[in-house]
Structure formats: structure tokens, C-alpha cells
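**Student:** According to TrEMBL, the protein has these features:
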BINDING   B:Leu9, B:Asp84, B:Gly87, B:Ser112, B:Ile113, B:Leu163, B:Val222, B:His252  S-adenosyl-L-methionine binding site
DOMAIN    B:1-239  domain 'Tetrapyrrole methylase'
Number of protein chains: 2
Amino acid sequence: MFYVVGLGLCDEKDITVRGLEVVKGSARVYLEAYTSILMVQKERLEAFYGKELILADRDMVETESDEILRNADTEDISLLVVGDPFGATTHTDIILRARSLGIPTRVIHNASIMNAIGACGLQLYNFGQTVSLVFFTETWKPDSFYDRVKENVDLGLHTLILLDIKVKEQSEENLARGRKIYEPPRYMSITQAVSQLAEVEESRRGGTLTPDKTLAIAMSRVGGEEGQQRIVSGTLAELLAQPPEVFGEPLHSLVILGRRLHHLEVEYAETYAVDKEIWRRVAKDVYGCVLE
Amino acid sequence: MFYVVGLGLCDEKDITVRGLEVVKGSARVYLEAYTSILMVQKERLEAFYGKELILADRDMVETESDEILRNADTEDISLLVVGDPFGATTHTDIILRARSLGIPTRVIHNASIMNAIGACGLQLYNFGQTVSLVFFTETWKPDSFYDRVKENVDLGLHTLILLDIKVKEQSEENLARGRKIYEPPRYMSITQAVSQLAEVEESRRGGTLTPDKTLAIAMSRVGGEEGQQRIVSGTLAELLAQPPEVFGEPLHSLVILGRRLHHLEVEYAETYAVDKEIWRRVAKDVYGCVLE
């Protein structure tokens with residue numbers, strides 16, 4: 001059997017009991033290192049599982065899937081992925097490959113940012129499509145995400161924005177020379193994300209992401225312990241004005257609020273507001289939310 | 001500390017290792033019975049946890065939250081919920097209440113149908129808002145969900161439709177006489193859901209849910225073992241024509257496909273198609289998906 005096991009969001013204890021049993025019973029266990037980064041290192045997982053883990057970057061999962069699947073028809077092989085196997089990055093290709101080789105597969109689900117984002121207090125069924133925001137460079141500022149956010153905002157829906165992660169990035173020089181030397185991982189900060197949103201709003205002028213009229217919630221290390229998880233809510237202008245350390249350690253996510261806003265959602269997120277009065281005023285006056 | 005612990009989707013082993021530790025260490029453990037129904041009984045959970053569980057229906061969580069929260073400032077109290085604490089039904093009110101009493105809270109996330117639905121092979125970020133479909137009666141056929149589905153379809157997005165569950169329902173007579181006698185639980189079947197969609201399309205004629213041109217994926221017991229989990233894909237007309245047992249046991253969910261369809265998504269779900277040729281033809285001709 002080929003298992004794809006979701007590890008959840010934070011550390012070694014977020015695996016499910018079933019997932020842990022599968023890991024312990026597997027002949028080989030791969031750990032996918034690309035998608036996003038757990039808050040703990042491989043060694044800590046290995047100690048907890050009592051198992052050696054084989055690191056598999058995204059390249060390997062894509063190009064060497066047959067090696068990962070070797071003997072999975074006769075023994076149990078697991079691939080561990082951060083979050084849920086069908087979360088932000090899906091693992092449909094390797095499962096399709098297993099199927100074509102006649103290997104039975106099973107997915108062990110877990111929390112992913114796509115549902116845990118509900119921790120900010122907004123109702124998941126009022127979220128529209130999810131968008132990704134990539135690092136802008138001097139010459140490359142892809143802004144098609146703006147159209148997606150606008151579609152959501154026009155319908156009154158919330159938007160989860162996933163912030164870019166650069167892992168195994170090569171410098172232009174190393175790339176040109178074919179040297180497999182990689183830069184340290186980079187995670188987009190809330191400050192950078194909000195400033196990129198402002199830049200795109202400035203050029204598009206669609207009125208979708210107005211600095212002082214758009215409410216947003218910044219989240220970091222969702223699902224983490226008190227002190228690790230951080231939630232900060234405010235207008236885009238307020239978030240931009242915060243010192244970066246307010247938002248905690250990566251990974252970060254950002255939610256743009258839509259007009260379909262229940263007063264309980266506003267009250268829940270008010271706890272995390274930069275300025276509670278501004279938060280309530282914008283929710284009332286701009287979003288039309290009826291507050292007590 | 002007041003913990004809200006997600007149990008995941010299927011049975012006692014879907015709890016996370018952290019969640020299990022919290023349960024074992026809690027002075028009182030409540031099990032919320034309303035939201036949806038695990039595939040196992042309370043007794044099996046109790047045996048696995050080595051703990052007695054106090055059943056808390058939705059009424060109790062809403063109206064007797066202070067009893068649930070009693071002493072949570074000095075000892076650990078847990079509330080167990082199916083799926084994720086911020087999934088389809090959220091638990092913001094009791095957390096807000098805990099906060100107002102000065103009780104520290106922590107949420108232990110898990111998979112919910114809102115992310116595990118990715119198991120059908122569709123990319124989660126191409127889903128629009130989620131809608132709920134309630135049981136129609138002779139005199140009450142609320143169809144506002146149709147507008148929501150149309151909004152998604154018009155943008156080319158997929159829609160997750162959550163099917164109604166009736167738990168602790170009273171007959172009109174028992175309700176009138178104030179007798180707390182409850183009907184057995186009812187779960188909407190795929191057949192009933194698809195036939196309600198057809199009925200609303202018939203009256204609205206918005207072209208959003210055309211029987212032979214709309215692709216859909218029916219899912220049952222998502223995350224369950226081979227044999228428990230069922231996935232069936234096809235046009236709405238094809239799904240309606242299937243004998244009900246094809247769809248497996250409740251709980252069921254239904255996904256309506258949007259036009260933003262990647263060929264990998266089509267191929268992945270083709271495995272589950274009532275008729276692979278029709279599936280591919282509609283994906284190509286109606287949805288405009290480029291297949292090899």
C-alpha cells in the first residue's frame with residue numbers, strides 16, 4: 001500500500017494516531033520537504049516516530065516517483081506531507097502514477113491552512129477562491145491575483161492569500177553555471193505582502209484593496225501554541241504600519257475580508273485588532289455590518 | 001485551559017497525537033454530538049481514550065456553555081468536535097465566552113470536509129464559496145443556494161455542497177405537545193440532493209445545473225478506508241440515474257465542477273466516473289478542458 005500522510009500544521013504531535021501507526025509500520029518513509037515548512041526539523045520527527053526519514057524534495061516526488069513507489073505493491077510505503085495531502089499543494093500526480101502501476105493507495109487526512117484559517121473567526125463557507133501571492137522583483141510583478149481577489153470582494157466573500165515561499169532557490173549566477181548551490185529559504189512577510197497589495201492597487205485602481213477601507217487578518221503559525229500562533233487584524237494601512245515582529249515567525253497567511261460579514265466574525269477577530277475602535281468602525285461604516 | 005479538539009472525519013484513530021494527550025489529561029471531556037456524525041459510537045471513543053465522555057448536543061454547547069467551562073481556569077477541560085473546530089460548524093461562540101471569563105483557550109486542528117474534499121482530485125484553490133442544501137418539504141423549498149452556486153459557476157469555480165443532516169428532530173405532533181421525543185437521524189442522500197438541484201434548475205432555468213452538461217462528484221465517508229469512502233463522478237443526469245447504494249453510506253457531500261478545470265483534475269476523477277467516455281466528452285466539449 002502507498003500511503004500519503006498529512007502531518008498537520010505545526011510539529012511532530014500533529015500527526016493523527018492512524019498516521020503514526022502507518023509511519024511505524026512502513027518499510028520506507030519519505031518526507032516531502034517542499035510544500036511548506038513544518039516548525040520542527042526532520043531529526044525531531046525521526047526521534048518521535050522511531051524511524052529514519054528519507055528527504056524527498058518536490059523534484060524527487062515529481063521525477064522519481066517510481067523509486068518512491070518501489071515495492072509498494074508488496075510492502076507499505078509512506079510519503080509524509082505538511083498539512084493535508086490535498087491542501088495547497090496536491091499530490092494527485094504520484095497517486096495517479098501509483099494507480100497506473102496497480103498499487104493501492106490511501107490518504108490520511110489532516111488539517112491544512114485551507115481549513116485551519118478558520119481560526120481567525122471567519123466562517124469558511126464565506127471564503128471565495130484562494131490566491132497565491134509571489135515575491136515581486138524589479139522586473140516581474142505578476143498581478144493576476146488581483147482579479148481573483150476582486151471577484152471574491154465583488155461577491156462579498158473573504159479571500160485567503162497564501163504567501164510565497166522560496167526553497168531551493170538558485171542565484172542567477174549559480175543557475176547560469178549549473179551549480180546546485182541553493183539560497184537560504186525565504187518566506188514572504190506580512191509587511192511585504194501588504195505592500196505588494198498596495199502597489200498593485202495603486203496601478204490597477206480597482207478599489208478592491210483600499211488601504212484604510214479594507215479589513216484584513218494576518219496569521220502566523222496557525223495551530224501553534226499560545227505565543228507561536230499570532231493573529232493580527234486591522235485595515236491594510238494599519239497592518240502596513242506595524243513593525244514586522246508584531247506578526248511573529250513565518251509561515252504567514254493573510255485574509256482579506258468580504259462584505260458578507262456576521263457580527264460574531266467581527267467580534268471574534270476584534271480581540272486581535274491593532275485598534276479595536278477602527279476595526280469596529282470600518283466593519284460598520286464600510287462593510288455595513290450591524291454591531292451591537 | 002479550555003481545549004476545542006478536532007476529531008477528524010472517520011473514527012477514533014483520526015484524532016491527532018496532541019489531541020489524544022489533551023483528552024487523556026483533561027478533567028472533563030465533552031463530545032459534541034450535533035455537527036455531523038462520526039462513523040463510530042461514543043463507547044468506542046471512550047474505550048480508545050480510556051476516558052468517560054459527556055455528550056453535549058448543540059443546544060447544550062450554546063445554552064450551557066458556562067457549565068462546560070466550569071473550572072477551566074484551574075483545570076483542563078476539552079470539547080471534542082467532529083472534523084475541525086472551525087470547519088462547517090464553528091465554535092466561535094463558546095471560545096468567545098471562555099475569553100470573556102478570562103479562561104485561556106486552545107484549538108487542536110484536524111481535517112474537515114472543507115479541506116478533505118480535495119480527495120476527489122479537484123484543486124482546493126479553485127473552489128468558490130461552500131453552500132448547504134437543506135431537505136425540501138412540500139411547502140418549503142429554500143433555493144437561495146442556487147444563487148451562490150451560480151456565482152461560483154459564472155466565475156468557473158467548483159462548489160462544495162454540504163448535504164443536510166437532521167439530528168434531534170421532533171415530529172410536528174411531538175413539537176406541538178412539547179414532548180422531547182426525537183425522530184431517528186436523517187442524512188440527505190446524493191440521489192435526493194441531485195433531484196432537489198434538478199427541481200430548482202427547472203424552476204429557475206438559469207442554466208447553472210444542466211443535467212447532462214454539468215459535471216459533479218459525489219463523495220461519501222471522505223477519509224474512510226477503502227470500501228468505506230466512495231467517490232462517484234459523472235453528469236448530474238448520470239448521478240441521478242444511479243441506484244442509491246452506489247453512493248455508499250452517509251455522510252455524503254457533492255461537488256459541482258466549474259470551468260477552471262485542469263486536465264489532471266479531470267483525469268484523477270475519471271477513475272470514479274460512471275461512464276469514462278461521457279466524463280471526458282463533457283469535460284472537453286462543455287467545459288473546454290484540453291485533454292490529451
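In case you wondered, yes, glycine gets a Cβ from its N, Cα and C as well.
TrEMBL entries are annotated by machine, without manual review.
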**Student:** Which ones, of the binding-site residues B:Gly87, B:Ile113, B:Leu163, B:His252, are Cβ-proximal to chain A (under 8 Å)?
**Tutor:** B:Gly87
**Student:** Rank the binding-site residues B:Leu9, B:Ile113, B:Leu163, B:Val222 by the number of other Cβ atoms within 10 Å of each Cβ, and give the residue at the low end.
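**Tutor:** Counting other Cβ atoms within 10 Å of each of the binding-site residues B:Leu9, B:Ile113, B:Leu163, B:Val222 gives the minimum at B:Leu163.
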**Student:** Including all protein chains shown, what's the count of other C-beta atoms within 10 A of the C-beta of B:Gly87 (S-adenosyl-L-methionine binding site)?
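**Tutor:** Looking across every protein chain shown, the total is 29.
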**Student:** Looking only at the domain 'Tetrapyrrole methylase' (B:1-239), what is the model's average confidence as pLDDT?
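**Tutor:** Summing pLDDT over the domain 'Tetrapyrrole methylase' (B:1-239) and dividing by its length gives 91.
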